[in-house]
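Okay, structure first, notes after.
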Amino acid sequence: MGTENPNRPSFPARPAATPFAAGPQPTMPFLSSGPVVGSQASGFRPTPSSTPQAAMPFLSSGPVVGPETSGFRPTPPGRFSDPSLPSVPSANAPPTLGPFQRFTTPQNPSTAQAPPARPLPVGQPVFPPPVQPPAGQVPPVSFRPQSQLPSVPMGSPPQSMNSAPLRANAPQPLLDSSFSASRPPFQPSFLPPESTYPAARANLQPSFPGYPSKQSNAVPQAPAVQSPFLTQQGGYAAAPPTSSPPFLAQPGGYIPPPPVAAPLGLHSREQMQHPGTGPPIGAVQGLIEDFSSLSVGSVPGSIDLGIDSKALPRPLEGDVEPNSFAEMYPMNCHSRYLRLTTSGIPNSQSLVSRWHLPLGAVVCPLAVPPDGEEVPIVNFAATGIIRCRRCRTYVNPYVTFTDGGRKWRCNICSLLNDVSGDYFSHLDAIGRRIDLDQRPELIKGSVEFVAPTEYMVRPPMPPLYFFLIDVSLSAVRSGMLEVVAQTIRSCLDELPGSTRTQIGFITFDSTIHFYNMKSSLTQPQMMVVSDLDDIFVPLPDDLLVNLSESRSVVETFLDSLPSMFQDNVNLESAFGPALKAAFMVMSQLGGKLLIFQNTLPSLGVGRLKLRGDDLRVYGTDKEHALRLPEDPFYKQMAADLTKYQIAVNIYAFSDKYTDIASLGTLAKYTGGQVYYYPSFLSIIHKDRLRHELSRDLTRETAWEAVMRIRCGKGVRFTSYHGNFMLRSTDLLALPAVDCDKAFAMQLCLEETLLTTQTVYFQVALLYTSSSGERRIRVHTAAAPVVADLGEMYRQADTGAVVSLFCRLAIEKTLSHKLEDARNSVQLRLVKAFKEYRNLYAVQHRLGGRMIYPESLKLLPLYALALCKSTPLRGGYADAQLDERCAAGYTMMTLPVKRLLKLLYPSLIRIDEYLLKPTAQADELKRLPLVAESLDSRGLYIYDDGFRFVIWFGRMLSPEIAMNLLGQDFAADLSKVSLYEHDNEMSRKLMGILKKFRESDPSYYQLCHLVRQGEQPREGFFLLANLVEDQIGGTNGYADWILQIHRQVQQNA
Ligand SMILES: [Zn+2]
């Protein structure tokens, strides 16, 4: 798209037809246009150059020449430094006396030892000269306190902050303007929250894809049962008689709805079991492969017993990664990196309009590779990275070589490119390069290219961890502060980046505390700033330090942090001003900002109110506002943070309302994550916090990243869903990203008819590795174009469909009532199944049977589970507002597998396993999530990936309880925690929990013990989560199926 190429204004615009034509509605939240976030307009863009340019590597427009190929231009070192500011080294440095001297800054910052306030030179982002990675010392420049400078109130709106600086970066404006000029209108995606979701909404409402069928009596997949049945029905033309009679014959047999009644040829269980005498299979085989069907039967006198709920399809094997895709195209990247909602790409708009389910992809660019497979690293060195000169696609297994090896054809845009001399290879008899074996990029769907300097706007940043920690009374009392300090300390050796890693800390209550960690000190010095309206950063050089150089100071600090505040009685939270201060310190380099928040922000900018989570608001058009950030400060800060390559992870601990809706915004737009520990108490929750914080600190992280997904001619991605900031129409800015983050996107056809046989997709993630290398991870996949709706359904991937459903529904709750979001899920499901039914029902005389594609047999169940999930369930009383919002933020980032596990957790009976010496853990079977699965003589583990619930049946053998709980076996289980006792049974249980945790370590399941009948715990922890049951007025699984089925049949 021409728009993507800010740097190449002169390029002829691509013909609209090309796949790269500018999207009609690019989203440019941060570009100058539009009402958007104030800052972007002005923007000094620190990353600035990187912004537009970063885009470059992924640009896809016109022929590229020379250097611009590379997206990232090295920035002249001095560019961001402000020569006018003399560097005043340690002039104002407080004396290095005792440990932790507190230098309190009175209201007037320029007095006493407190270095004079030097407003954030936001306008003049200081860029350390050439980054001195290991040095850890931030060049003094920008934040140096200078009393003589007029102080610019930090509190001022971001817009003003940025405007000045913008101009400062000479080249930027140009880039920006050209960038934005070419930009089309604007896409809803990530604009103001209100506008954010319209797109999704639009999509949701109109379309409603197919639906799955249930089987009442028959075993779900058993074709044997079905086929005879089907055959029989298909046998004659006049279906109606066949199906209706049985139905009519059984008065009362089924559900009420009159309209449905007649058409619903419901079959009784008997019928299913004795399918009649129809001709044996044969002709029906093909059909059976296409879909499954479920007899929605009825039993006289009952409404919902007509379905044999045991026969309903369930994901008791967990998520099964689709493989048909890979079978067809063995060189595709693995499905854990990229999954399509259907790998049969529709060839026409009319097909798309009949698909009804989301059409798109779920991408997890840094997923942990499958066992035994590593992503090969390719270094083209002097040759340069081989990319299509027009669309910027990276060379991949689907490009073809011709002309004796001198040319290669791009699989995405079909352009014939020259093969450079360095990359030349002869072709063999069938046209393959003879060096294929040595070229992973030509045989592997996933590779990682080492990016040369053209892909850098500045030297690769070092890994940087900055901690903003609440030390108010509740943070200390809950034990949070101590656990956080200990955990960080224990991870110091494992932080990625080796000797390059940088670290810094700010703590806050009603004031802001900075810590000088200079390596020459023996102990850190604390400086307190109490003027919240005019924040300044004392000693900017020594607040962010190189970890290996200042290691002992950092350790001393962490060791003493809990005791420093142990007597703190401060109840206030100057969160907003502290956030600004952290931003000022970090803005030169970017990095990860970990925020530990225990108290509702109460002072200074960004303070939040106790928003009434008012029962009366639910069901009105004001309801969604509760789930949106209240103060524009948060969105504005998120925009600024992203620009400066800062990713925010929020750890929230409060036992009271803490406005996760507002705080989470910081994570949402910076590619971060929300961790929520309501009513945190270290005695109960410390293991979970320790584990999750450790993982956050030690998992491999990609820094200052941007991601783009390209696709072949005729199709285009239209919307993106997850945690990131959209930087241009299709460039996702991800200040930090890791294996636990997935992104979803929707696709549309640009042309009425696709003429190609295959559509290619290529995901490219440009990032800085912790070791300081610029890398591009590239995943490529091909999918066939199909002309048949049935084929689209056959190739559907339930996991990807559910992922998109989930993200769209959660987004919808930000602009609509919960009920509307749930209804939209149901409506799409009904539409899709209706469409599918129309494909086959009449022709095969399926009468009242519910039919669905085998590939989507679990979709109704997941859709039901989604409607009962924390972000969407019920109303006011069904989930606390913070809990709802936190779950929403989390679910927006989850990879497919983990999302499915959360929606349909595993329930396993383990008492027999514990008793039997020879029992193998592999033999444990997952059970349907219904209360009937629970036997009061048993012991069960419920695992949704975020927590374990261990359920003790009332009649469980006391021996087991004693072995597992020791003396506590009869106590109130809410006060008992599980630990290993010295006996085989206890070791086995702990072993199995460990095994479950290790199977996916991205979160930590805390263990909750529940005894049968012990209310309200049992209800809260377990019964309310048995998604197949009727809970609080919701549908049970069987009812849901009947309801869907009736709706499908209406007007069918
Ligand atoms: Zn191309």
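Count begins at 1; order follows the chain as displayed.
The backbone N, Cα and C atoms fix where each Cβ goes, glycine too.
Per TrEMBL, the feature region 'Disordered' maps to 1-221 (among others).
Residues annotated as compositional bias 'Low complexity' in TrEMBL: 8-24.
The annotation compositional bias 'Polar residues' is assigned in TrEMBL to 39-53 (among others).
According to TrEMBL, the compositional bias 'Polar residues' annotation covers 102-113 (among others).
Residues annotated as compositional bias 'Pro residues' in TrEMBL: 126-137.
Annotation comment: TrEMBL describes 233-254 (among others) as region 'Disordered'.
Residues or ranges marked as domain 'Zinc finger Sec23/Sec24-type' in TrEMBL: 385-423. Per DSSP, the domain 'Zinc finger Sec23/Sec24-type' (385-423) is made up of 6 helix, 11 strand, 22 coil.
Summarising the annotation, TrEMBL assigns domain 'Sec23/Sec24 trunk' to 460-696.
Taken from TrEMBL, the feature domain 'Sec23/Sec24 beta-sandwich' applies to 702-786. On the 0 to 100 pLDDT scale, the domain 'Sec23/Sec24 beta-sandwich' (702-786) averages 95 in the predicted structure.
When the domain 'Sec23/Sec24 helical' (797-900) is classified with DSSP, helix, strand and coil residues number 73 helix, 4 strand, 27 coil. Here TrEMBL flags 797-900 as domain 'Sec23/Sec24 helical'.
Residues or ranges marked as domain 'Gelsolin-like' by TrEMBL: 925-974. Applying DSSP to the domain 'Gelsolin-like' (925-974) sorts its residues as follows: 18 helix, 12 strand, 20 coil.
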Which listed range (385-423, 460-696, 797-900) shows the maximal number of Cβ pairs under 8 Å with respect to the domain 'Sec23/Sec24 beta-sandwich' (702-786)?
460-696
Kindly report the helix/strand/coil residue split of the domain 'Sec23/Sec24 beta-sandwich' (702-786) according to DSSP, in that order.
0 helix, 58 strand, 27 coil
